[in-house]
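Below you'll find the structure, written out as structure tokens, and then a few comments.
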Amino acid sequence: MMLDKDSVKAIDVQTASLQSYISSPEKQKSLYKRTLFVVSISQIFGGAGLAAGVTVGALIAQQMLGTDAFAGLPSALFTLGSAGSALIVGRLSQRYGRRTGLSAGFMIGGLGAIGVIMAAIINSIFLLFISLLIYGAGTATNLQARYAGTDLANHKQRATAVSITMVFTTFGAVAGPSLVNVMGDFALSIGVPSLAGPFILAAAAYMLAGVVLFIMLRPDPLVIARTIEAANEEPGDKGHLAATEHTENKKGIIVGATVMVLTQIVMVAIMTMTPVHMRHHGHDLGAVGLVIGFHIGAMYLPSLVTGVLVDRLGRTAMAISSGTTLLLAGVIAAFAPGESMILLVIALSLLGLGWNFGLISGTALIVDSTDTATRAKTQGTVDVLIALSGAAGGALSGMIVAGSSYLALSLIGGILSLLLIPVVVWSRGR
């Protein structure tokens, strides 16, 4: 196929632009900062879309079906949707760059939210469940966006870059639920069921996140990182050395994934059953909300400090800290009197903090252990495992409490978190 002069000129300009970053550390640094800014802005919208929808998903299903029996299905559906979407967003990002993968993921999540609104209007449970599955794409993209800021970061900046995007997610995640009543009133004013109101916010927020990334994430950080890495490759004997590096990279991926999967299982399991445990001991919804609020705050707000610690003290030290913190959380939750608000707040705050340590150190390990040729695809695969482990943790937690007790669940979770230590120690061996 022949290209016209304008097409050839455009390709030449793009190539020259990419090449300019190879020889200019200042331009690389500037793009790194710009990428962090753009991703952080998108995460504010993404967090709002995630939290607003999650808040009322179960209530919409309950209202449509007239029973509590399937109220947990919305959470399961968008978790499954998130798992599948994580794989797709990772593949798209690997092939076309972060800009395409992330913007597409958020926009698809927005379409899912619109589908939920339509389902509420026409009272279609089938459309609701399909739409919730699609809505899960926003959840997956919100999580994967944390990787975009690391593409141009050096080894000592990667955890800090992840932590910055997580803090900005908090702003949206806090704003979303606080606007539930406002959006419910707005929905009624335009003839939409009030419970669909938060999904109006979710649709707008996810679409805005996608637009911000599509317009502003230029040049694409993963494409630039790939160009720089290719330019810096030196020809030579890659036989034994390459095989050794591949083994080490594979080990790092296994450890990073294990850290995040285990922390996700433990966190989701204990968090899911804590409100039920509290209600059984006479706490009202306000008290439950307070404990969960402290928990969510501890999951995200310490991120900036955690990122600095992971970069300075090392991934291994903070992964071990994650395991010990989760153990402490499990022990306190297990033996705290059911009537003690203070001890439950402490336990759930430590649970959130341990998860924070694990996610940031595990993410940094994944980034350290991959190159630009496979990074986005590998990250997407790991996020599938995280999503599925969260779903498994939530499902198993109810079974354990039903078959035994909240005490047993908390102790099992705490002990399970200790598996992080031998896994991390193994990773240090040759």
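Every residue gets a Cβ built from N, Cα and C, even glycine.
Going by Swiss-Prot, these are the annotated features:
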- 36-56: transmembrane segment (TRANSMEM)
- 69-89: transmembrane segment (TRANSMEM)
- 100-122: transmembrane segment (TRANSMEM)
- 126-148: transmembrane segment (TRANSMEM)
- 160-180: transmembrane segment (TRANSMEM)
- 197-217: transmembrane segment (TRANSMEM)
- 253-273: transmembrane segment (TRANSMEM)
- 285-305: transmembrane segment (TRANSMEM)
- 317-337: transmembrane segment (TRANSMEM)
- 340-360: transmembrane segment (TRANSMEM)
- 384-404: transmembrane segment (TRANSMEM)
- 406-426: transmembrane segment (TRANSMEM)
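Contact between the transmembrane segment (340-360) and the transmembrane segment (384-404) is absent: fewer than three CB pairs lie under 8 Å, with pairs separated by 6 or more positions in sequence. Note on the transmembrane segment (197-217): residues 35, 38-39, 41-43, 45-46, 48-50, 52-53, 55-56, 98-99, 102-107, 109-111, 113-114, 116-117, 120, 135, 138, 141-142, 145, 148, 172, 176, 179-180, 182-188 of its chain, located 6 or more positions outside it, place their CB under 8 angstroms from a CB of the stretch. Only sequence-distant pairs (6 or more apart) were considered; of these, fewer than three Cβ pairs between the transmembrane segment (285-305) and the transmembrane segment (384-404) are under 8 A, so the stretches are not in contact. It is 36-56 that, among the stretches 36-56, 160-180, 384-404, forms the most Cβ pairs under 8 Å with the transmembrane segment (126-148).
Sequence-distant contacts of the transmembrane segment (100-122) (same chain, at least 6 residues past either end, Cβ-Cβ under 8 Å): 42, 45-46, 49, 53, 57, 60, 64, 78, 81, 85, 88-94, 128, 130-142, 144-145, 148, 192-193, 195-196, 199-200, 202-207, 209-211, 213-214, 217, 220, 376. Within the chain, the transmembrane segment (317-337) has long-range Cβ neighbours (under 8 A, six or more residues past its boundaries) at 255, 259, 262-263, 266-267, 270, 274, 306, 309-310, 343-344, 346-348, 350-351, 353-355, 357-358, 360-362, 365, 406-408, 410-415, 417-421, 424. At the 8 Å Cβ threshold, with sequence separation of at least 6, the transmembrane segment (160-180) comes into contact with the transmembrane segment (36-56) through 3 or more pairs.
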